[in-house]
Amino acid sequence: MLATPDDFFFSGLNIPRNTSNPVGSTVTPVNVAQIAGLNTLSVSLARIDYAPYGQNPPHTHPRASEILGDVFVFPIGLIHFHFNIGKTNAVAFAGLSSQNPGVITIANTIFGSDPPINPDVLARAFQLDQNVVKSLQAKFWWDNN
């Protein structure tokens, strides 16, 4: 299959996204799934829109390091989060060291897994009452990616 100009172009990073969701943020990824021309280039990026006090919940990128904003470095696999401490909307751009960095949101993975992780295991691991664990497992876990 031959490459086309569309394989090297993505439009839309200038458009603010809707942050009216439980975590107050939305991520717009630009990786090999959006731009086929990134394949084998070991680079991608993301726009993160935040509502006031919005957050990008604790997560990790299993196949990439991340550089965010003014510049903070998150090494590959490090669990990290972003938080807008301001009273107004905010936006950040992140560069990632892979064309397919992946993202694993920790709370979703732990408390929203299907099938669920045994509540006894989670209660002991996080030193929580089993009722708290069951309550967390019953919630709908929002994915802002």
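Every residue gets a Cβ built from N, Cα and C, even glycine.
For reference, TrEMBL has these:
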DOMAIN    11-134  domain 'Cupin type-1'
BINDING   ASN56, HIS61, GLU66  oxalate binding site
BINDING   HIS59, HIS61, GLU66, HIS80  Mn(2+) binding site
Requested in this report: For the domain 'Cupin type-1' (11-134), jot down how many residues DSSP puts in helix, in strand and in coil.
Outcome: 22 helix, 38 strand, 64 coil
**Report entry** Length of the line joining the Cα atoms of HIS61 (oxalate binding site) and HIS80 (Mn(2+) binding site), in Å
**Finding:** 9
Report summary line: Between the binding-site residues HIS59, HIS61, HIS80, the one whose Cβ has the fewest other Cβ atoms within 10 Å is HIS80
**Report entry** Residues within 8 Å of the ASN56, HIS61, GLU66 Cβ centre (excluding the oxalate site residues themselves)
**Finding:** ALA46, HIS59, THR60, ALA64, LEU68, PHE74, HIS80, HIS82, ALA94, LEU96, PRO101, VAL103
